[in-house]
Amino acid sequence: MSDNMRYEIGCALADSKRHSFLQPSLVELAKSRGIYLVPVDSTKRLVDQGPFDAILHKLSDKQWNDQLREYRAKYPHVTVIDPLEAIERLHNRISMLRAVQELKITEGNETFEVPRQNVVEKYEELTDLKILEGLKFPVIAKPLVANGTAISHSMSLVFNSKGLKTLKPPLVLQEFVNHGGVIFKVYVVGDFVKCVKRNSLPDVSDEKMKNSVEGFILFSQISNLTAENYDEGREIEQAELPPARFIEDLASGLREVLGLRLFNFDLIRSSEARNRYFVIDINYFPGYNKMPGYEAILTDFFWNLCHEHQKISGREVALGGREIDDKVASELEKDIVNDEEKKVAFTVDIGKESNVDDRVSIVATVIK
Ligand SMILES: Nc1ncnc2c1ncn2[C@@H]1O[C@H](COP(=O)(O)OP(=O)(O)OP(=O)(O)O)[C@@H](O)[C@H]1O
Ligand SMILES: O=P(O)(O)O[C@H]1[C@H](OP(=O)(O)O)[C@@H](OP(=O)(O)O)[C@@H](O)[C@@H](O)[C@@H]1OP(=O)(O)O
Ligand SMILES: [Mg+2]
Ligand SMILES: [Mg+2]
């Protein structure tokens, strides 16, 4: 690819996300390497903008999904970060955590699981203690849908059946795991993985449960509270990070199962068994700007997207960020002709077992 390359990424983000993510420091750094981060104009149709080499998005309404599908039909070579269908899975807290159960990682000294949980569809189910089947108080009631709205983050820590009656289904009742008030957030950006410590809910003692008059406590986005406005800040400093190897394995396993490149997940460590971990939440395209040096990390990710090369028939080929398997490679071979720099756009069938669309468009740039 030539030095004066221009790789244009259309960024479809809500206003607040645009401000927090597309900071001038990121936009300028990316630009200095030929990557242009262009906000998508929500007042215009997407197909009338660009054309973009890639689209980065965190919008999930039907109107946006339709626009993106229309765009892909017109520009089949566009790289979409990440595929709609893969993101969709994270919008439901049950399908989200099922991904953890699908992981095929050989466990070492550290183990991982998800807390026991049940779905409650209707209010009437809350008056029948059968809903607790297999669960012990305290439980956390989480809205079933995790779609980025304030409501989807509003939760209750419930101590007894009186507390249960205050809830509004559809929701997930998830067993609360005592974990020492510290949560680990693992940020994934393609191959890059970073684990940080944050505030979490403090442990719940039997005494606290007994003394609760209301039977529940409401809370929201507790891990976003800084040490200054949260009095348990000291615990964070003292907490030891989980082993790097364990975190790397979990992150790469989830990246594969989910078919996502931009996400983070929340991990807690049991107060009782120090090698027992629970994954409690997975978020698409989280607040990366809170990671020190996020500009360089994201710019490297974008750079790799447009420079990912693969040798096919002895020729160096850039695949616009697509990871391809042998079957796709052999299809590509048929299309790569003898010319110098050539773009070949085509659609291949990658089969049902994949986590992404059945049919994937690829632009292969033959480099040498
Ligand atoms: N099973 C659990 N046991 C103990 N604490 C939990 C559990 N589930 C959630 N928490 C606490 O509640 C917080 C919010 O839960 P969760 O992460 O599922 O919500 P969220 O609104 O999706 O968070 P985010 O802001 O990361 O998207 C967690 O950060 C953690 O402090
Ligand atoms: O706003 P913040 O920077 O805190 O980022 C949060 C992000 O909100 P945003 O996408 O509007 O930025 C949230 O997305 P939605 O669930 O609401 O879609 C979710 O991903 C949180 O986990 C992120 O916090 P973090 O996990 O990084 O601490
Ligand atoms: Mg969370
Ligand atoms: Mg979440």
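We number each residue from 1, going along the chain as drawn.
Glycine too: its Cβ is placed from the backbone N, Cα and C atoms.
As recorded in TrEMBL:
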BINDING   Lys17, Lys58, His153, Lys185, Asn283, Gly287  1D-myo-inositol 1,3,4-trisphosphate binding site
BINDING   Arg93, Lys142, 174-185, Ser200  ATP binding site
BINDING   Asp266, Asp281  Mg(2+) 1 binding site
BINDING   Asp281, Asn283  Mg(2+) 2 binding site
DOMAIN    104-314  domain 'ATP-grasp'
Filtered binding-site residues, from Lys17, Lys58, His153, Gln174, Ser200, whose Cβ is under 6 Å from an atom of ligand 1: His153, Gln174, Ser200
Among Asp266, Asp281, the most crowded of the binding-site residues [Cβ within 10 Å]: Asp281
Among Gln174, Asn178, Phe184, Lys185, Asp281, Asn283, the binding-site residues whose C-beta sits under 6 Å from ligand 4: Asp281, Asn283
Cα-nearest neighbour of Asn178 (ATP binding site) within the listed binding-site residues, Lys58, His153, Asp281, Asn283, Gly287: Asp281
DSSP-derived class (H/G/I helix, E/B strand, else coil) of Asn178 (ATP binding site): coil
Averaged pLDDT, computed only over the residues in the domain 'ATP-grasp' (104-314): 91
Local Cβ density at Val182 (ATP binding site) - other Cβ atoms counted within 10 Å: 21
Binding-site residues whose CB lies under 6 angstroms from ligand 2, from Arg93, Gly180, Asp266: none
Binding-site residues near Lys185 (1D-myo-inositol 1,3,4-trisphosphate binding site), in sequence order, restricted to Arg93, Gln174, Phe176, Ser200 and a 10 Å Cα cut-off: none
Most crowded position, judged by CB atoms within 10 A, among Gly180, Gly287 as binding-site residues: Gly180
Among Lys58, Asp266, Asp281, Asn283, which are recorded as binding-site residues, the nearest neighbour of Gln174 (ATP binding site) by Cα: Asp281
Asp266 (Mg(2+) 1 binding site) to Gly287 (1D-myo-inositol 1,3,4-trisphosphate binding site) - Cα separation in whole Å: 13
Whole-number Å value for how far Phe176 (ATP binding site) lies from Lys58 (1D-myo-inositol 1,3,4-trisphosphate binding site) (Cα to Cα): 29
Arg93 (ATP binding site) versus Lys17 (1D-myo-inositol 1,3,4-trisphosphate binding site) - Cα distance in angstrom: 22
Sequence-ordered binding-site residues from Lys17, His153, Phe184, Ser200 with Cβ under 6 Å of an atom of ligand 3: none
